[in-house]
Amino acid sequence: MHSSQNSPEQMLTSMLGPGIAVEVAAPTVVENQLFPDEQQHIVRAVAKRQAEFGTARVCARRALARIGMAPCSLVPHQDRSPRWPPGVRGSISHTQGCCAVALTRSPDVTGLGIDIEEDTPLQRELVPAICTPEEQQWIGRFGEDARGWLGKLLFSAKEAFYKCQYPVTRTVIDFHDVQLSVDLAAGEFSVAKVRPNGSSWDHVRHVAGKFRRGSRFIVTTAVLAATSKP
């Protein structure tokens, strides 16, 4: 099973490669580093949400600088998806003690998704809601000790895939709308089946997924190459 003791930033950087800027930080209150409209957006949010939102915007502006973009306000869309400057593809993820952003201007990348989860077992009662029957059969081939983290891996991989596909298709999908195939030895996953139909999904199926398992986190990435367009 593919594993790494590296930090989330190192894992993301190694999976995404050159041309994609990665910034990671621990969530903290950064109100004085936010634009006025960003502050207004979270004025009624609980402290945890304010820390995650603010840290994500600080990380995003650092990543924007690394790809040659000026700092700007990053208030999300009404559907809560990230709002990036024109020509930028990106993704945000945060979990307990970690906030990460990945951004690119590369014309070779159409979609980008990342996800970070604590490396704790997926609760057994959640497995049927997250995993398709075929995925549950795959998990069942492993010992009891492995099943929990494999369930969490599928959860994280589907989150990364969703973030990657949504800006392309503008389609809300459920966990059972996509079935993944996982290569544990290679640290990779791919889309085996996806329920929605239509021309926009013909190339979304070709998303390239990767994962790493560190000492505390499971980290997944999903990248849709421009060459995957029909």
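Our numbering is plain: 1 for the first residue shown, then up by one each step along the chain.
Cβ atoms are placed via backbone N, Cα and C, with glycine included.
What TrEMBL says about a protein is an automatic prediction, not a curated fact.
Binding site for CoA per TrEMBL: R49, R57, S93, H94, E159, K163, plus D115 from the candidate set D115, D119, D183. Here the Cβ of R57 (CoA binding site) has 27 other Cβ atoms within 10 Å, regardless of which shown protein chain they belong to. It is 15 Å from the Cα atom of K163 (CoA binding site) to that of E117 (Mg(2+) binding site). The domain '4'-phosphopantetheinyl transferase N-terminal' (37-103): residue composition by secondary structure is 25 helix, 13 strand, 29 coil, according to DSSP. Classification of E117 (Mg(2+) binding site) by DSSP places it within a strand. Within 8 Å of the centroid defined by the CB atoms of D115, I116, E117, the record's Mg(2+) site, lie the Cβ atoms of S93, T95, I114, S156, E159, A160, F217, I218, V219, T220, excluding the listed residues themselves. Cα-Cα distances to E117 (Mg(2+) binding site) place S93, H94 within 10 Å, out of the binding-site residues R49, S93, H94.
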